[in-house]
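Notes follow once the structure below has been shown.
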Amino acid sequence: MLTQQSPAFIFAAKDSTKPKSKQQENIERQDEHRRIESMTEQADTGLPSGWEVRHSNSKNLPYYFNAISKESRWEPPANTDTDKLKVYMAAHHSVPAGDRHGASGQGEGKIRASHLLIKHNESRRPSSWRESEITRSKSEAIEILRSHKQRIEAGEASLGDIATSESDCSSARKRGDLGFFGRGEMQAEFEQAAFALKVGEVSDIVETASGVHLIERVQ
């Protein structure tokens, strides 16, 4: 049985076919642009679907975030195209050499240090922005770090110069700079070595659960 539609229903039905306003069209265009931009950026990073590079304000370092699972991590996820990621990070997250001492935040009892980390297959997380799966042994990692230390001692390069391309820590984007930190904020072995250094001094090889490090006391 047919019933007569109310005037309000007829008005609503007519209104649904009403052309979109310019404001609505602009909003939809902006949304589509952001969607395409996000997809393009994701492709440029080399990260798997759903992952993106974000920046930690507290640590002043880039990290990896999955918008679907809400997972965040310092190391890139599995199946990352590390070659693409290196190019992307160099273009978007590198800090010029002249800016390496520009960070603030020094507090009482805090020091500032940079480091060069080489991970190995016994590391707590054997992956990095450089390699999605690290298979080298601890002894191989130590040998690599020794060769870097020799270059530093010979004056061929600074720790920051080498860290930019060779460190397995995301701080590589800041030439290894970790900013200011106090006691109890770092792994015990790292903290002990860092606080024992004089400003400008580079440590011997330091072993932690993360891998093997060279540490430079900056301030």
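FYI, residue positions are counted from 1 along the chain as it appears here.
Keep in mind that glycine also has a Cβ here, set from the backbone N, Cα and C atoms.
The compositional bias 'Basic and acidic residues' annotation in TrEMBL covers 15-38.
Within the model, the domain 'WW' (45-79) carries an average pLDDT of 84. What TrEMBL records for 45-79 is domain 'WW'.
For 108-219, the entry in TrEMBL reads domain 'PpiC'.
What TrEMBL records for 1-53 is region 'Disordered'.
Note on the domain 'WW' (45-79): DSSP counts are 1 helix, 14 strand, 20 coil.
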